[in-house]
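Beneath this line is the structure, given in structure tokens, with notes to follow.
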Amino acid sequence: MGLTGTNTTLVAPQPKGILDPRTGKTVGSDDAFFNDLNGELSDKGFIVTSADALITWARTGSLMWMTFGLACCAVEMMHISMPRYDAERFGIAPRASPRQSDVMIVAGTLTNKMAPALRKVYDQMPEPRYVISMGSCANGGGYYHYSYSVVRGCDRVVPVDIYVPGCPPTAEALLYGILLLQKKIRRTGTIER
């Protein structure tokens, strides 16, 4: 291992990678995207992309979410930060301030008195900003749909990107909603929203 071998001169040692025990090849070696990327990197020595694609890629892997827990769905929202689900492995981490957040997760029953506060917090978030509506109450009023004091869906106050159904939805459902949001950002992502 080093700059010279026994019979040939090497620039660097050959990468070993993680071997698949079934095939004996490096993991990911049969992936078409991986092969194209590796081929371009070995041919040119660098990868060419647009700034817009690079920013969109970086944005999907570094989403900062702000909780707006209004009822029992907030308990399930807390679970995704714990070790069992570990949302940070998907590149999403909680923030306490709306000025540092990209994503707002509205979880629970939104009342008429709370609606202006929700809109004010949403307006404080920097662009591009995204909203995940979590649970039946946030999606459409839920159990309290016919109550005079409940907003029948937070989409009447703020624009919603992803709806997560359930009463309350599981932590897995919320993680799936976050992954769908990342997929949506990759598909429709632009520097300006």
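Placed from the backbone N, Cα and C atoms, the Cβ positions cover glycine too.
Feature list (source: Swiss-Prot):
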BINDING   Cys72, Cys73, Cys137, Cys167  [4Fe-4S] cluster binding site
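In sequence order, Gly135, Ser136, Cys137, Gly142, Tyr143 are the residues of the chain that are 6 or more apart from Cys167 ([4Fe-4S] cluster binding site) and have a CB within less than 8 Å of its CB.
Long-range Cβ proximity for Cys72 ([4Fe-4S] cluster binding site), meaning a same-chain Cβ under 8 A and a gap of 6 or more residues, is found for Gly108, Gly135, Pro168. One way to see the shell of the [4Fe-4S] cluster site is to take the Cβ centroid of Cys72, Cys73, Cys137, Cys167; the remaining same-chain residues with a Cβ within 8 Å of it are Ala71, Ala107, Gly108, Thr109, Met134, Gly135, Ser136, Ala138, Gly142, Gly166, Pro168, Pro169. When Cβ atoms from all protein chains are considered, those within 10 Å of Cys137 ([4Fe-4S] cluster binding site) total 29, not counting its own.
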